[in-house]
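> Just dropping this structure here.
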Amino acid sequence: MKLENTEVHSFFRLLSLCHTVMAEEKKEGDLLYQAQSPDEGALVTAARNFGFVFRSRTPETITIVEMGVQRSYDLLAILDFNNVRKRMSVIVRSPEGKLCLYCKGADTIVYERLHPSSNKLMDVTTDHLNGFAGEGLRTLVLAYKDLDEDYFKEWIQRHHEASTGLDNREEMLDELYEEIEKDLLLLGASAIEDKLQDGVPQTIEQLSKADIKVWVLTGDKQETAENIGYSCNMLREEMTEVFVVAANTAEEVGEELRNARRKMKPDGGEEPPFIKSGILGKKTKVVAEETVDGEYGLVINGHSLAYALEKSLQLELLRTACMCKTVICCRVTPLQKAQVVELVKKYKKAVTLAIGDGANDVSMIKAAHIGVGISGQEGMQAVLSSDFSFAQFRYLQRLLLVHGRWSYLRMCKFLRYFFYKNFTFTFVHFWYAFFCGFSAQTVYDEWFITLYNLVYTALPVLGMSLFDQDVNDRWSFQYPQLYVPGQLNLYFSKTAFVKCVMHSCYSSLILFFIPYAAMQDTVRDDGRDISDYQSFALLAQTCLVITVCIQLGLDTVYWTAVNQFFLWGSLSVYFAVTFTMYSNGMYLIFTASFPFIGTARNSLNQPNVWLTILLTSILCVLPVVAYRFILIQLWPTINDKVRFKVRQAKAAPPPAPRRDPIRRTSSRRSGYAFSHAQGYGDLVTSGRYLRRPALNRSVMFSPPGHQQGETASPQTYRTVQEQPRDAQAAP
């Protein structure tokens, strides 16, 4: 800069002009930039730090300060960024009247449009790009072109006609952009630090231990995607092989996928194994899991992925990808991200979760079963389209391994217990039907039938479904394998449902026949007969309530004061309501509604009745205790093993997880053009939200209450000399 090199000045002039950043100057020297993306803000800030300060813009002009001299450029056209072009250009007229096109974009895109005279500089720039990539930086190539006045007048006329046309507007504009963006002169390259959030490698490692398959769908180029894979510990040197699919035809893509599959499983069939799955006649084909020896990775670029997602190859892609430990799809469009998610949902019996932080992740988030948005500098579109949102990727492991697993465990326990207590309640009616001549007479009091699910057994199961946990969050992080039983549906499945029905059938037999045999020909201490229907009904329903409460206690692992209150409170309420409804007063007031007068005090004061209740409860829960004891001793689950370790450790916390250093590889990073959404060029040139700047006004371009760049968080820069901490650019 001190030597006043023309090319260096042109480099930073491009950074200060070729963008869609909005600037506010609340007071002189205090600039606030609102950028479409963090990269845009970093580049403009870098130019400012080297003396090229972007000050303001209108729909027709851009004002910058070049080495202390204020200059105003006429903004003639913005050739905006999109996912197909992967570059952005502006056409400006300098104060001297010189026309110039400035362009920035991904290296592979810009290199194709360079003039042959830039070949020597391109080789040097490529070496710089590789050096930047070795430091884990995101690269961008800059170029320019001087325009002829007559040619530009003719081109801008055609541009106006195309932009105002009604048919094929986008195609016509793309052709005009391609026409003028050629024979560019290379200026250099910039590099922006793209840090991983804290805990990303550790989170992915934890999810892998939990047998959760992580697929990366990114817009970055192949080398960048591989670099991210190694940085996140998804790709490792210890892997058996990493397959790279980068073919240009459908036949070549299919052949590479088949060769990769045959290497992983030589004895596998050519046709994918299907499992018929469905309910009520709606059969669906599900691709079965295939195990392989060793760990493999798959990297496929967007061009090959477009062929692989065709109907003839999509099953081959899914089958090969599912055999791999890591799958990375690079240079994919938002539509392709959604198509990959839909493919997994259609042919795999799996629950999909998509997590993203930008507007280009919205379609993927909506397509998945569960969508998670990360709030940050990329905007709020992903957050607004998601089911869950948080600020850091590392929070995903708490969402899945702790709260998600607890929620699944509680829901399964709730369903099993709910079926058990209601099937047991109903089966007692079934056995009683054989003794009442199938007359539809109920075995219980009508008030008990009404209050059984509403009052007597509602709160205990609710407390278990809200607070129960097998181990605390620290042990859940220490042993992510606890997540695996949920993936295998071990907690609630058809088998678990059948076991629940059989358990209910056994309990109902005990709850009916033991009280029936105990009450038959039984008399009180004073010689009066108590073997009547009302006394039997009271005894049966009392045994039922106590038994289901004991069963709930056996199912509860984590006891809290709320659980204790709900359980003992429900039993207390049962006896209180029973004695109240069976009292003389209720009978005298509502004679027809409370016919069981005196039954409670006449039956529950007899020792043999309480002995029957004790015997019935023991016989109901004894097989359950014995069965669980045998299972734990002979076939312990991962939950049983961890809980045993918890009991051994007592109050001692588990060891802290080891943080592995992030590894970098020297692969080029040029994913800038794939990491942004549609640009704001139309908004800038339309003038709908812009007005002439006034230095002494508090807001230069935005009306009160309006914030430009709604998809990005504003970036504040205090002094011109200040270096940005998280993002830097270099020529």
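Quick reminder: no glycine exception, Cβ is built from N, Cα and C everywhere.
Residues or ranges marked as ATP binding site in TrEMBL: GLU40, PHE81, LYS104, ARG138, THR218, GLY219, ASP220, ARG331, LYS337, ASN360, ASP361. Sequence annotations record features per position, and here TrEMBL assigns Mg(2+) binding site to ASP357, ASP361. Residues or ranges marked as domain 'P-type ATPase C-terminal' in TrEMBL: 383-637. Taken from TrEMBL, the feature transmembrane segment covers 414-435, 447-467, 496-518, 538-561, 573-597, 609-631. Annotation source TrEMBL lists region 'Disordered' at 649-669, 698-731. Sequence annotations record features per position, and here TrEMBL assigns compositional bias 'Polar residues' to 708-722.
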> Taking GLU40, ASP220, ASP357 as the binding-site residues to compare, which has the smallest set of other Cβ atoms within 10 Å?
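Checked GLU40, ASP220, ASP357; of these binding-site residues, fewest Cβ neighbours within 10 Å: ASP357.
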> Taking the domain 'P-type ATPase C-terminal' (383-637) alone, what is its mean pLDDT?
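Its mean pLDDT is 89.
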> Between GLU40 (ATP binding site) and ASP357 (Mg(2+) binding site), what C-alpha distance do you get in Å?
17
> Determine whether the transmembrane segment (609-631) and the transmembrane segment (496-518) share at least three Cβ pairs under 8 Å, counting only pairs 6 or more apart in sequence.
yes
> Between LYS104 (ATP binding site) and ASP357 (Mg(2+) binding site), how far is it from one CA atom to the other, in Å?
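Cα-Cα, rounded: 24 Å.
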> Restricting to the same chain and to sequence separations of six or more, state which residues have a Cβ under 8 Å from that of LYS337 (ATP binding site).
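For LYS337 (ATP binding site), the qualifying residues are LEU217, CYS329, ALA354, ASN360, ASP361, SER363, MET364, ALA367.
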> Measure between the Cα atoms of every pair in GLU40, PHE81, LYS104, ARG138, THR218, GLY219, ASP220, ARG331, LYS337, ASN360, ASP361, the residues the record assigns to ATP, and report the largest value in Å, rounded to a whole number.
25
> Quick check for the class: what is the C-alpha distance, in angstrom and rounded, between ASP357 (Mg(2+) binding site) and THR218 (ATP binding site)?
11
> Including all protein chains shown, what's the count of other C-beta atoms within 10 A of the C-beta of THR218 (ATP binding site)?
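Cβ-Cβ neighbours of THR218 (ATP binding site) within 10 Å number 23.
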